[in-house]
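Undergrad: Following this message is one structure expressed as C-alpha cells.
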Amino acid sequence: FHLFLLQQSHERDNTVKQKADWIVIFCTALTILQECKNPCCNATTCKLKAGAACAEGECCHKCQLKQTGSVCRPKAGDCDLTEYCTGFSASCPADSYTQNGGPCNRGKGYCYNGQCPSRQEHCKRLWGPGIKKIPETV
C-alpha cells in the first residue's frame, strides 16, 4: 500500500506528490499506533520501553529475556533435541536433532534428519493407516 502511493506520487505533479507523501506518513503513523499493542514497546518511537530487553519470542517473558537454560522448544520425538534459551536472544535457537543412525522407536527404527522412519511407518505412508504387518512364518 505504501509503495503504491509513493510510486504514484512520482508520476504526477508536485501538488499530488505532497498529498501522497502526507497520506503515506499519516498511514504509517496510524498503522504503528494501531499495531503496537505490545506492552514492551513504545508505539510513538517504535522502540522498546525503558527497562525492556525484548518484546516477543520464545525466550522473551514479560519484556525480559528468559534465563540461560530455560526450555524454549521441548523434545518432539526420539530423534529431536530439546532447545534452550541462550540468555542473549529472544529467539529460540534453530531446531536440532540427534545424529543420523541413532536408534529410535524402541529399536525399531534409526534416526534420519530428525525423523524416525521405520518399516511399519513407511508402509503406513504408502498404503494408509489401516495396513497391518503380516506375521512371519518360519
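A Cβ is built for glycine as well, from the same backbone N, Cα and C atoms used for every other residue.
Note that TrEMBL annotation is computational and uncurated.
Here's the feature list from TrEMBL:
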DOMAIN    27-100  domain 'Disintegrin'
DISULFID  CYS72-CYS92  disulfide bond
Undergrad: Please report the number of other Cβ atoms within 10 Å of the Cβ of CYS72 (disulfide bond).
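TA: CYS72 (disulfide bond): 19 neighbouring Cβ atoms within 10 Å.
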Undergrad: Relative to the Cβ of CYS92 (disulfide bond), which residues of the same chain, six or more apart in sequence, are found under 8 Å away?
TA: GLY57, GLU58, CYS59, CYS72, ARG73, GLU83, CYS85
Undergrad: Hey, does DSSP put CYS72 (disulfide bond) in a helix, a strand, or just coil?
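TA: The residue in question, CYS72 (disulfide bond), is strand (DSSP, three-state).
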Undergrad: Once the DSSP letters are reduced so that anything not helix or strand counts as coil, what is CYS92 (disulfide bond)?
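TA: In the DSSP reduction, CYS92 (disulfide bond) maps to coil.
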